[in-house]
C-alpha cells in the first residue's frame, strides 16, 4: 500500500525522524488557516501517489497566507498524471543548503534489504542511476544485524555526504530504518533529505510503501487506506476476505487456487479471440473452501461489475469436494436471488465430481450451464459474454 506524503510523515514523526512542521487539508480555507498558524513561508504540496508533482505545478512556495490560499486554489482539483488532487499538505518552508537521497527497500534478487544513498538528491533517482551511477551507493543490509548508528554512518559515507553532517545524517538514517522495519514497509524513501544552513538534517519529502500482507500485525495501518481511490469492488472483496483483482474484460472468473485461476484467465483470453475479443474481467480466488457464503460473496462482487456479461466458475475438488462446491453454488444463487442475473458456466472436476454435477443438474437453475472441460467452459463463457455485449 502506497502512502501519501502526509501519511509517510506521520510515520516519520512517530519514529522521531526530523521533518518540517505542517498539516493536511482538503480545502482552500484550511490551507490559509494552516499557513497562518505556521506564521512563516510555507510549501503547498499536492497529495497524490505519483511523482513529478513539482513539474506539474503541484508544489508551490507561498510567502504568506494570501499566497498559500491562492496556490491552494490553483492546486486543488489539478490533474497530475491522471490523479486528481483532493488533499494538500501545507508545511513550513525550509532553507536548503544541500539535497541528498536515502532509501531502504527489499533487494529481491539477493534476498535481503538494501540501502541506497546519494549526495545528489532532489531529482528523480532513476535519472541519477542512469546518468551518474557512481553517485548512487547501494549498501546491502544484514536482516539480522539491521542498522545501528555506526552502520547508518557508513551508509552516509558511502553516499558521499559531507563529513560535517555525517553524525546528524546517521541519526536520521537509523530512524528511517526503524520506520522500515517496525512498520513492515517495502520501501522508505526520502528525496530530498536536506541539509539546512545550520547543518540540520530534515526529511522534506517522504515515500513509504507498506506490506499489506503484514496488516494483521499492524492494526493502525488500516487508517492509511485510501478508500476513495480504491475500486469499490476490490474494497467489497477485501471486506469479505476474497483474493480479487479487477481486470478490464467481460468474463467473470471464480476459481479455487491461484494457479487454477491464472490458468483460467489464459484459456478465457484464448477463447475470447474467437468471440469478439472478450477477455477475463477479474481474478478471484475463493481458496480451499467453497461454502455457500464464500461463493455468494464471490458472485456478489463479480455480478456487481457492470462490465461482466458472463461468469466462469472453475473448481477442482480436493479437500473441499465437488458436491460441497455445488451446494455452495446452489445456495449462493438462492441467497443472491434477483441479483444473480448473468449466465454462469460451471466446470467441476476432482473429488466427488459426479455428485457435484448431479446436484447442479437437479437444481436446474436457468442461468447455470455445466460443462465438462476447462476449454469447453472457457469457450462457452466467452460466447455468452460476446452475445450479451
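Count begins at 1; order follows the chain as displayed.
Glycine too: its Cβ is placed from the backbone N, Cα and C atoms.
Copied over from Swiss-Prot, here are the features:
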type	residues	note
DOMAIN	9-236	domain 'ATP-grasp'
BINDING	45, 52, 53, 54, 94, 99	ATP binding site
BINDING	191, 205	Mg(2+) binding site
BINDING	256, 318, 319, 320	substrate binding site
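Comparing C-alpha positions, residue 191 (Mg(2+) binding site) sits nearest to 53 among the binding-site residues 53, 318, 319.
For the pair residue 256 (substrate binding site) and residue 53 (ATP binding site), the C-alpha distance works out to 42 angstrom.
Candidate binding-site residues: 94, 191, 256, 320. Fewest other C-beta atoms within 10 angstroms, 94. Checking each of the binding-site residues 53, 318, 320 against residue 205 (Mg(2+) binding site) by C-alpha distance, the shortest gap belongs to 53. Residue 320 (substrate binding site) has its Cα within 10 Å of the Cα of none of the binding-site residues 45, 53, 99. Listed binding-site residues: 99, 205. The one with the lowest count of other Cβ atoms within 10 Å of its Cβ is 99. The Cβ of residue 54 (ATP binding site) has no same-chain neighbour under 8 Å that is 6 or more residues away in sequence. When the C-alpha distances from residue 318 (substrate binding site) to the binding-site residues 45, 52, 94, 99 are tabulated, the minimum falls on 52. Within the set of binding-site residues 45, 53, 94, 99, the entry lying nearest in space to residue 319 (substrate binding site) is 53 (CA atoms).
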